[in-house]
């Protein structure tokens with residue numbers, strides 16, 4: 001595909017080339033960092049990844065438009081750096097805390113996703129306006145990133161794997177990577193929760209690209225605005241949707257942690273059940289978006305707010321489920337491949353798929369403003385069906401959760417006993433050698 005065609009392709013389907021390159025590099029790098037994170041010093045890998053992505057971001061701010069391809073390449077390198085922290089950070093938290101404390105700390109970690117997105121937009125926009133040059137938007141976050149990397153390197157402890165489960169220092173054996181992958185593939189709770197996470201990613205990826213345009217088309221149908229025939233169009237809906245996503249992300253993670261903590265007093269299957277109920281509830285309100293948008297934009301925003309809050313409820317809980325059902329020595333690999341699955345089955349292709357469906361539906365009435373609005377709405381209706389499917393996957397997780405959790409605990413205990421026997425045998429050998 002030549003450059004012009006490629007540019008038209010990404011513009012037409014509203015999928016930025018930068019995002020595609022970032023996601024692809026992230027997916028390729030995540031399994032590598034998962035492998036390294038289960039075998040080497042995680043704190044050093046994490047800090048190096050942050051320094052690397054900060055340095056690449058800072059360097060990319062000096063690239064001129066004549067070297068556009070180099071700027072695209074830099075987005076791929078940023079994806080590599082980001083995959084390091086997203087694969088390794090949850091495992092460090094998992095080895096520092098346990099039970100409700102771990103849920104709360106993972107919630108704080110996942111709060112950084114919407115909070116960081118909002119602050120990044122605010123700081124970047126402020127820097128751009130203050131300097132009168134968009135390049136300065138790329139020079140603020142690297143300073144913060146390098147500061148965070150330095151603080152992690154000097155002040156964050158490197159816990160021994162399994163230390164929160166009283167196994168620190170005892171998990172000396174490392175199983176081969178192929179053995180780890182076979183064990184994860186047989187872990188039903190891990191597989192189903194990963195597929196459910198992909199459903200969340202599918203919906204959020206499609207919404208981020210298409211919902212602002214859908215709401216703009218709704219206003220055109222209501223004759224509140226005139227159709228946009230030439231870029232750039234109004235970004236008001238994108239700003240409002242972005243602000244709602246930040247707020248609902250924060251609320252969803254906090255409500256999810258609190259709800260799970262309460263429900264654990266009633267049932268041991270609370271984690272996957274809370275996720276399942278929130279997903280099914282989210283699907284209802286997301287369906288309502290397409291019912292009320294034609295008449296009321298405010299009503300659509302209300303449905304988006306509630307639907308996204310329920311959808312984001314399971315961010316931290318999904319990570320907590322993984323910590324329960326996967327042994328400490330393969331958690332980084334598990335986190336990495338869960339992220340890989342979420343992207344490749346989720347936001348890596350969902351915007352493109354929604355665009356294709358919308359265009360196919362729109363072919364008969366290409367000049368109809370109403371049909372442009374309706375065709376995109378019909379295409380986006382795929383999202384609540386995928387979300388319901390994700391809720392079913394969480395229900396399946398609930399069926400196997402206790403068995404897989406017990407298997408992981410028994411495997412940890414087995415490693416602990418093996419360590420004790422090996423240590424006792426070594427002690428006896430030492431006594432015999434002294435006697436000889």
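Here the Cβ of each residue, glycine as well, is placed from N, Cα and C on the backbone.
Taken verbatim from TrEMBL:
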DOMAIN    1-407  domain 'Major facilitator superfamily (MFS) profile'
TRANSMEM  15-37  transmembrane segment
TRANSMEM  44-63  transmembrane segment
TRANSMEM  105-124  transmembrane segment
TRANSMEM  136-156  transmembrane segment
TRANSMEM  190-211  transmembrane segment
TRANSMEM  239-260  transmembrane segment
TRANSMEM  272-293  transmembrane segment
TRANSMEM  299-327  transmembrane segment
TRANSMEM  378-402  transmembrane segment
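Touching of the transmembrane segment (190-211) and the transmembrane segment (44-63) is ruled out by the presence of fewer than three CB pairs under 8 A, sequence neighbours closer than 6 excluded.
Same-chain neighbours of the transmembrane segment (44-63): 33, 36-37, 70-71, 74-75, 77-78, 80-85, 88-89, 92, 135-139, 141-143, 145-146, 148-150, 152-153, counting only residues six or more beyond its ends whose CB sits under 8 Å from a CB of the stretch. For the transmembrane segment (299-327), the residues of the chain that approach it from at least six positions outside its boundaries are 90, 94, 102-103, 106-107, 109-110, 113-114, 162, 171, 184, 187, 189-190, 193, 196-197, 200, 203-204, 207, 211, 215, 218, 240-241, 244-245, 247-249, 251-253, 255-257, 259-260, 271-272, 274-275, 278-279, 281-286, 288-289, 292-293, 334-335, 338, 387, 394, 397, 401, 404-405, 407-408, 411-412, 415, judged by C-beta separation under 8 angstroms. Per-residue confidence over the domain 'Major facilitator superfamily (MFS) profile' (1-407) averages out at a pLDDT of 82.
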